[in-house]
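Working notes, structure below.
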Amino acid sequence: MYHIDDLPFPVSDLPDVYTQFRKAVESKSSVRSCGKLPPSLGPAPGSGLDEIGGWGSIPTLESLGLSVTKSEKGMRFVGGESAALGRVHEYFWKNDQVKVYKETRNGMLGPDYSTKFSPWLASGSLSPRYVCEEVKRYEKQRIANDSTYWVLFELIWRDYFRFLSAKYGNSIFHLGGPRKVASKWSQDQALFESWKDGRTGYPLIDANMKELLATGFMSNRGRQIVCSFLVRDMGIDWRMGAEWFETCLLDYDPASNYGNWTYGAGVGNDPREDRYFSIPKQAKTYDPDGEYVAYWLPELRSLAKERRNFPGASYIKQVVPLKFDGGHQRKDQQFNRQTRPKNIYRRQK
């Protein structure tokens, strides 16, 4: 959204805390206007096209013989600029959802709890500057509130990760991250596979991982939860999780993906090094009726709503022992931070 030449400092002096960066660009920089479409385009190149029947059309997955998982309560992403602009129009002007974005953005089920712009932003089909212009136009014509601002707030996060990747280069892919943090990580393949396949025995984790594999998308809240579980509870090398996200996500881009994973693993730019998400607390707050976990885990649908995230032995028997749990399976899911051994970090000299 912000051009690198318009930053109030060179990239080498980029603040290592997001809030400092945001306040600086908001007060000292401006977002450039979108480029204007040319009135006409020249002729398309013709070499070899006549022999293969012209430009044709992009084949669907079905036409290629591939199965497609249809999510009745999700969103079907279609590539290209036309679909991207259609989604912006739908979310802003048709459904009027942007005015409540901040209140709904932590949802996990349904098409409109968040903008869902990220796959098009990642592929270059949608310009963040266009989204910024639409926010400003919406604020003038309808309403300006915390929700409309928060869309820009998240786009600034996107910029921040890109500039951080320019500042730190390949260190965003290193085990110690940009901060060169030394820590003991496990590469236990059985534990990792249970996380990757949605077989941990914790419904909120399993449901999110099954959604990712089936659709190529996961909510922002879900991404934070499953990241915390992999690195804090399992003690697994965070790069294995980042690589799996890279494999599956429709909205994958290196800066955002590895920026968020280093952030979540405590090796990136986060003043809170030991950022931990309690699974019971997250379930009670963001899926209190178990609607999300029951959608992706059909075996839980027959349970009472309050039990879906805490099904007991009927589901928990699948739990893989956690590295940070002394090698023993948990008897229930009411674990807490006080009994969780700490992953101790130390700076490399």
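One is the number of the first residue shown, and numbering goes on along the chain from there.
Each Cβ is built from the backbone N, Cα and C atoms, and glycine gets one as well.
Noted in TrEMBL for the protein shown:
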BINDING   Tyr101, 114-118, 154-161, 251-253  FAD binding site
DOMAIN    152-309  domain 'Cryptochrome/DNA photolyase FAD-binding'
SITE      Trp185  site 'Electron transfer via tryptophanyl radical'
SITE      Trp238  site 'Electron transfer via tryptophanyl radical'
SITE      Trp261  site 'Electron transfer via tryptophanyl radical'
REGION    327-349  region 'Disordered'
COMPBIAS  339-349  compositional bias 'Basic residues'
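Taking the features listed in TrEMBL, we show where each one sits on the structure.
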| residue | record | contacts (Cβ under 8 Å, 6+ apart) |
| --- | --- | --- |
| Tyr101 | FAD binding site | Ser114, Thr115, Ser147, Thr148, Trp150, Val151 |
| Lys116 | FAD binding site | Met75, Phe77, Arg87, Tyr91, Phe217 |
| Glu154 | FAD binding site | none |
| Trp157 | FAD binding site | Tyr18 |
| Tyr160 | FAD binding site | Tyr18, Phe21, Arg22, Gly259 |
| Trp185 | site 'Electron transfer via tryptophanyl radical' | Leu175, Val231, Gly235, Ile236, Asp237, Trp238 |
| Tyr252 | FAD binding site | Ala122, Phe245, Glu246 |
| Trp261 | site 'Electron transfer via tryptophanyl radical' | Cys227, Trp238, Arg239, Gly241, Ala242, Phe245, Gly268 |
So how many other Cβ atoms are close to Trp238 (site 'Electron transfer via tryptophanyl radical'), meaning within 10 Å of its Cβ? 24
Three-state secondary structure, Lys116 (FAD binding site) (per DSSP): coil
Averaging pLDDT over all residues of the domain 'Cryptochrome/DNA photolyase FAD-binding' (152-309) gives 94
DSSP output for Tyr101 (FAD binding site) maps to helix
